[in-house]
Amino acid sequence: MAWQAWHMAQINPSILSADFARLAEEARAVEGADWLHVDVMDNHFVPNLTLGVPVVESLSRATDTPLDCHLMIEDPDRWAPQYVEAGAGSVTFHVEAAAAPVRLAREIRAKGARASMALRPATPIEPFEDLLPELDMLLIMTVEPGFGGQAFLDVMLPKIRRTRELISKHGLELWLQVDGGVSASTIERCAEAGADVFVAGSAVYGADDPAEAVRVLRDKADRATASAAWACGH
Ligand SMILES: O=C(CO)[C@@H](O)[C@H](O)COP(=O)(O)O
Ligand SMILES: [Fe+2]
């Protein structure tokens, strides 16, 4: 069935939970994942500091898995295009930090990457309904951004559901990503609510076999999606 191909769950391991001294090796440990999620933090937008453009450039040469860069930084209008040039296939900026989100999404797309916008837990989706056609993906944070290993905020499930309804209402081919606390015990609820791209840091890199953890997560998400009301009829 056509919808099955379209709605196949994508699993994006977050290298925030990997060993930063062995990044290339850790990236290769999850080959078979759909994207590698790269959390960029500037110690201003969030109280943590990770990596920047040079590391993304090196990582893009070290793995065939496409890079999904999640920018938790101030002034993404200035920096996001540089992550496309560094080799990212998808670049996510936070709407709370962007001065001109539509212009920025268009610039990311024009440079050849997928454009994605993230919402912190307290940021509602409704004011941004008209922006959705400008995006290839919307990221709903299911923890406060800044750190891996936090507990999943299940109060975000209604927002995931409402966002999926908006995507359907407008007939958009927009991916809906969730990030934060996604694990074997929470991924089914996210998929049932309407997410189709799942970031998992500690649930993948904390496992004895990260590649197997990716397969288990994808299987759980696919099964939950197959029985979800939102996926029927596509
Ligand atoms: O963006 C972030 C945190 O701000 C995430 O991408 C985390 O890295 C996810 O880690 P887990 O919650 O899955 O451990
Ligand atoms: Fe992230």
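From the backbone N, Cα and C atoms, a Cβ is placed for every residue, glycine too.
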> Which of D179, D196, D208 shares the divalent metal cation site with H37, D39, H70 per TrEMBL?
Replying inline: D179
> Applying the rule Cβ within 8 Å of the centroid of the Cβ atoms of H37, D39, H70, D179, what extra residues of the same chain belong around the divalent metal cation site?
Replying inline: N12, S14, L16, V38, D68, C69, T92, L139, V199, G201
> Relative to the Cα of H37 (divalent metal cation binding site), which of the binding-site residues G146, D179, G181 has the closest Cα?
Replying inline: D179
>> Measuring Cβ to any atom of ligand 2 with a strict under-6 Å cutoff, which of the binding-site residues D39, H70, G146, G148, D179 qualify?
In response: D39, H70, D179
>> Checking your reading of the structure: which of the binding-site residues S14, G146, G181, S202 lie inside a 10 Å Cα sphere centred on D39 (divalent metal cation binding site)?
In response: S14, G146
